[in-house]
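Enquirer: In case it's useful when we look at the structure, here is the feature table from TrEMBL:
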- Glu31: active site (ACT_SITE)
- His30, His34, His40: Zn(2+) binding site (BINDING)
- 1-87: domain 'Peptidase M12B' (DOMAIN)
Amino acid sequence: MCRTNGKSCSVIEDRQEDRYSISTSQTVAHELAHGLSARHDGENNLCNASERYILGSSDAEKTPGTEYNPWLFSPCSVSYITSFLKKKLSSSRGYTCLVYAVEASADIPDVSDKLLGQVIKPDQQCQQFYGNDSFFCRVSNTTR
């Protein structure tokens with residue numbers, strides 16, 4: 001990120017179901033985290049890949065303590081990303097790259113006034129992934 005040698009781009013493709021879905025957002029988060037210097041959990045760090053965080057193993061068994069982890073970054077990922085951003089912000093060029101926004105254009109729509117779920121509604125996301133009879137569950141169970 002913020003390089004001028006042509007290596008500052010992430011092209012992310014998720015071919016599951018050949019359409020946008022919740023799993024696509026997980027893939028995007030995973031790959032963008034790599035662009036922010038994060039490594040996989042369990043690769044030369046103290047985080048365990050089986051805890052199913054975004055940069056962990058998606059094949060790991062779900063347990064009551066890890067059921068929400070696929071939507072969270074592990075402490076190791078947070079540390080990698082935080083360190084990367086602090087380093088970028090400590091230089092004037094890095095600061096400019098991270099702080100100043102790109103102007104909207106035909107190729108870059110302005111979604112700055114949109115909240116998550118306003119461009120593609122939650123029900124639409126569920127229907128794209130699970131079929132037309134699916135909908136976003138509005139019952140909240142966030143206690144752990």
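Heads up, the Cβ atoms here are built off N, Cα and C, so glycines get one too.
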Enquirer: Would you list the other residues of this chain near Zn(2+) - those whose C-beta lies within 8 angstroms of the C-beta centroid of His30, His34, His40 - in sequence order?
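Expert: Near the Zn(2+) site, beyond His30, His34, His40, sit Glu31, Ala33, Ala38, Arg39, Ile54, Leu55.
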Enquirer: Using the structure shown, find which entry in His30, His34, His40 (the binding-site residues) has the sparsest Cβ neighbourhood within 10 Å.
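Expert: Comparing Cβ neighbour counts within 10 Å for the binding-site residues His30, His34, His40 gives His34.
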Enquirer: How many whole Å apart are the CA atoms of His40 (Zn(2+) binding site) and Glu31 (active site)?
Expert: 10
Enquirer: Across the domain 'Peptidase M12B' (1-87), what does the pLDDT come to on average, as a whole number?
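Expert: Mean per-residue confidence for the domain 'Peptidase M12B' (1-87): 86 out of 100.
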Enquirer: Hey, what's the Cβ neighbour count for Glu31 (active site) at 10 Å?
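Expert: A 10 Å sphere around the Cβ of Glu31 (active site) contains 16 other Cβ atoms.
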